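In TrEMBL this protein carries:
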DOMAIN    151-218  domain 'Beta-ketoacyl-[acyl-carrier-protein] synthase III N-terminal'
DOMAIN    283-372  domain 'Beta-ketoacyl-[acyl-carrier-protein] synthase III C-terminal'
TRANSMEM  349-371  transmembrane segment
Amino acid sequence: MISSVVISGVGLWTPAYSISNEELVDSYNAWAEQFNAKNFDAIEKGQIEAKPLSSAAFIEKASGIKSRYIYSKEGALDINRMRPILEVRNDEQVSHQAEMAIAAAKKALEAANKKASDIDMVIVSCAYTQRSYPAIAIEVQAALGIEGFGFDMLVACSAATFGLQRAVDAIKAGSSKGVLVINPELTSPQVNYMDRDSHFIFGDVATAVVVESSETCQSAHSFDVLSSKCITSYSNNIRSNFGYTTRVTDEDPYSADMLFHQNGRKVFKEVCPMAADHIESHLKSHGIQVSELKRWWLHQANINMNLLISKRLLGRDATLEEAPVVLDEYANTASAGSIIAFAKHHKDLAAGDIGVICSFGAGYSIGSLILRKR
Ligand code: CO8
C-alpha cells in the first residue's frame, strides 16, 4: 500500500490569441444586421425571426466574462464565416489538440520535477476530442516518450475532475506509478458564434496535472488528495448533437442543434444547489467543516454561479482569495476552469491548508477532490 496519493505538479498553456467582449459583440452584431437586412421580407412576413443584437455590458454582468483565449483567431470574427479556421494537418504532423496537450503536460512535468520515465499513464480528458482514434492521449504519450498506456475520456465540464479520480485510483491501486491528466480544451470549433445567447461563453486552453505517490514526490508544492467524489445525473439542458453518425443521418453539420446549446437559466437553477450539496456532503463525509476550507478552486462557468454556491455554503460571499476567479480572462474553458484556478492560486497555501477542486456542468456531471497542502 502506498502512503498517500499526491498532486505534485500542474501546467497551464494559454493560447496566443484572445477575443474581448467588444470584439466579439462587434462581429456578431455586424453579422446579425447583415442577416436581418438579407432576410428583411421574410422577417416582415413573420416567416423567420430577426436576430437580436448582443451587448458587451450584458455579457459581463450575466457571466463575469470579459475576454476569452482562442487557439486560432482567424475566421472566428469574419462575418462571412463565423467560425475559426484550423489548418488541416496530415497524419504525420502533430494534431492541434495534441499540440495543446503536450505544451501543458511539459509544464506540469517541470512543476512536479518529473521526467517522462516517471510517468506510465496518460489520460487526455476533455469536452471533445478532434478524432476518435488513435487516441489523442496515445499521440501525446508518444511525443513525450512515455512508456505505458494512454486513453481519452469525455465528461464535458467535469472531464478534469473525473480524469483525476481515475488517476488517484490507479496510484492507490498500484496499477500506475505516475499519471498525467491533461485537458486540452479546444472548445472554439463547437461555439455557435451566430447565437447571442452562447457566443460569449467559451474559450480555449490546456491544463495538465501530475498525480503520483507521496513516496516518489519531489515537488516543492504538492497536495495530498484526501478524497475524490464524482456524480452524474442525466439532463438535456446542455447538449451538442454533432457526432460520428451526423454524416449518415444527413443532418446539417452547421445547424445550431449540432453545436453547443443550452437552457442556461435552467442549468443555473439546477446545477448550483447540486454543486453546493455535493461539496458539503463530500466534506462532511471526511469530517471537514466548510469553514475549514482555505481555498475553493471552482469550475469557471459563471461568476454568479460561483458566488451563489459559495454563499449557500458559507452564508456570505466568498472572497477572491478563498474562491479565485479566472473566467474574466479565460471565460468558460469546459473542464479546465477549476484547474486553471488551481494552477494560478495554490503556491501561497501553507502546509495543512485544505482546499477543494470542484467541477459542474453538462451531463449533468459534478466532480470534487479534497486536497491538503503538504
Ligand atoms: N446580449 C444581450 N442580451 C442577451 C444576450 C447577449 N449576448 N444573451 C441573452 N440575452 C438576453 C436574453 O435573450 C434574455 O432576453 P429576454 O429576457 O428578452 O428573453 C435576457 O438577455 C436574459 O437572458 P438569460 O435569462 O438567458 O440570461 P441569464 O441571466 O440567465 O444569463 C447565462 C445567461 C450567462 C448563460 C446564464 O444563464 C448561465 O451562465 N447559466 C449557466 C450556464 C452554464 O454553466 N452552463 C454550463 C455550460 S458548459 C458545460 O457544461 C460544458 C459543455 C462542453 C463545452 C462546450 C464547448 C463549446
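FYI, residue positions are counted from 1 along the chain as it appears here.
Each Cβ is built from the backbone N, Cα and C atoms, and glycine gets one as well.
Caution: TrEMBL annotation is automatic and unverified by curators.
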Helix, strand and coil counts within the domain 'Beta-ketoacyl-[acyl-carrier-protein] synthase III N-terminal' (151-218) (DSSP): 21 helix, 22 strand, 25 coil
Counts of helix, strand and coil residues, the domain 'Beta-ketoacyl-[acyl-carrier-protein] synthase III C-terminal' (283-372), according to DSSP: 32 helix, 23 strand, 35 coil
